[in-house]
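Listed in TrEMBL:
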DOMAIN    68-353  domain 'Tr-type G'
BINDING   77-84, 141-145, 195-198  GTP binding site
Ligand SMILES: Nc1nc2c(ncn2[C@@H]2O[C@H](COP(=O)(O)OP(=O)(O)OP(=O)(O)O)[C@@H](O)[C@H]2O)c(=O)[nH]1
């Protein structure tokens, strides 16, 4: 579903230089304010060339560098891969901060929310701007937890490039796949950083292979690690054939030495690097014709003579074309490998000039997430015209459609809901205001009113999501609210085709309202959250013109609340077979008649509850595999595969969401805290008759 795509015009000349910078400027300000007492922040321009005396021109280029010198990038990964730690090191080495923040100490710049610092996780993306060797970098650290996927999505759509961070001991993990797919969708050029090379079990080759196999990507190995796990001490730059060693006694990793590999001192490493470089040259030549011509023409006899810059330029082109991904490695926590990563960002990821965006996204005006801001009134009109044209040819995929992706964020349907109550009735308006603001910022949070009880209902992406919203209402809006029990968002469908007829005949004042409707509801194979509405040929087109909106409103309102649990109805088609409307009948009466007729039909149908089925990936050491499997069997889990990942076992399968509530606590107890897991909505599946009748009895209060 696309969130409403509103378009605003602002008067900015340089879209490119403003792009990410403004995404979260309110959040950056928040982080600066909170950190001031103990972390002296601020940009350090001293490393930039050209800032001499009153040289206004160069000062201007420092404050607003040419677009070719800008990199708008994001950092994305599976939870806990080390995005925030890597970002902290990047900020420190660039001179943006003067001390190293630590996730585990809760004093990082980009995890600025109290909840992020307490839990050591990223919840909201944060943007920071800093400079590196004459380049201006606008960087967004995104969340890794699946509950905050929308946050990742809204960032990816405005990025020019991304760094995918991996835990080198785990390679590609469940959420890596999700964010990788999101980046594919938005066509974002990427580089991979294999982090945690210092960790026990870290394996460069394993992680590279997992990129090749699981992400179906072509890794370009630009570095080789020197040592692994405890012995990791640096990297070899394959392109320049140099070794980069970090001083073991340096506590911040600022100092490292870069030396050419020599036959005399490093014969083995040199041999390995030459082989890797030759393989890299062949790989890039296969993907880039211009480079292939160069290599075959001048350097076919001896690849050693090929200058590093020529190879780097070709790697840049290949990265931009997204036919391959450069791979680097390091250990952010041990302060190794981050400076070369920064060099690679400037060297291989594209500038805004190389990307083709017309829109820019500014969230902190009176806009909502998903709105688009354009540079002038005429481009707003052009965008609106295109959006209109796009609406007409909804299903046709073409390049225009792809460019319009910026105009909306794809919001997944929430899987959990619970009621929320203010401390007193007098505080209800304050709660409504808080929820309105939070929803504007985070469209994956849905708020609705329960029509039976009048209670406010929060719908979210997961337990953590709802917990964080509850906490934010308390901290940011000063409201102590009460949450009802967390409930799974079920869906409903029908199993057979049913027909019904209804007539509504009412006289209000001196006006007669008379409608007769005959319709059919039937199940459909294709998954569709909204009902498919069809009209039989016998229905008069003229009649339809005047009443179609009222008819569809009537159908949609019934499908939002199914007859079994009051959950939305999906995978159904409604066909209107006949329609008779007395002249002067109001549209409200038409809607009411259609609703009543559809309710009648649904009552007759065999009905089915659909429950959210989660894809589950549990990473556990061999010793704890049996208890984890036994526990999953009790939770109606369906195990698809058990993979071996280094010293760990990875259990991959499906489990109904209703069975996995509070799983983190159970898993921690079962495995003494050694296992990790990732959950993601896979689809909605039919409940078996026994489970369905137990659920229905529970809901009706019989058990
Ligand atoms: N051994 C080792 N641990 C690391 C490294 N980088 C990060 N960590 C640890 O991994 C944990 C997660 O690090 P974060 O930087 O919060 O990871 P993240 O990807 O930002 O996490 P989320 O945003 O919550 O998904 C923390 O305990 C870090 O100290 C590394 O290079 N080596």
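Backbone N, Cα and C define each Cβ position, glycine as well.
According to DSSP, residue 197 (GTP binding site) is assigned to coil rather than to any helix or strand. Under the DSSP three-state reduction, residue 77 (GTP binding site) is assigned to strand. Under the three-state DSSP scheme, residue 83 (GTP binding site) falls in the helix class. Within 10 Å of the C-beta of residue 142 (GTP binding site) there are 28 other C-beta atoms, taking all protein chains into account. Counting neighbouring Cβ atoms within 10 Å of each of the binding-site residues (77, 80, 83), the lowest count belongs to 80. Averaged across the domain 'Tr-type G' (68-353), the predicted model reaches a pLDDT of 87.
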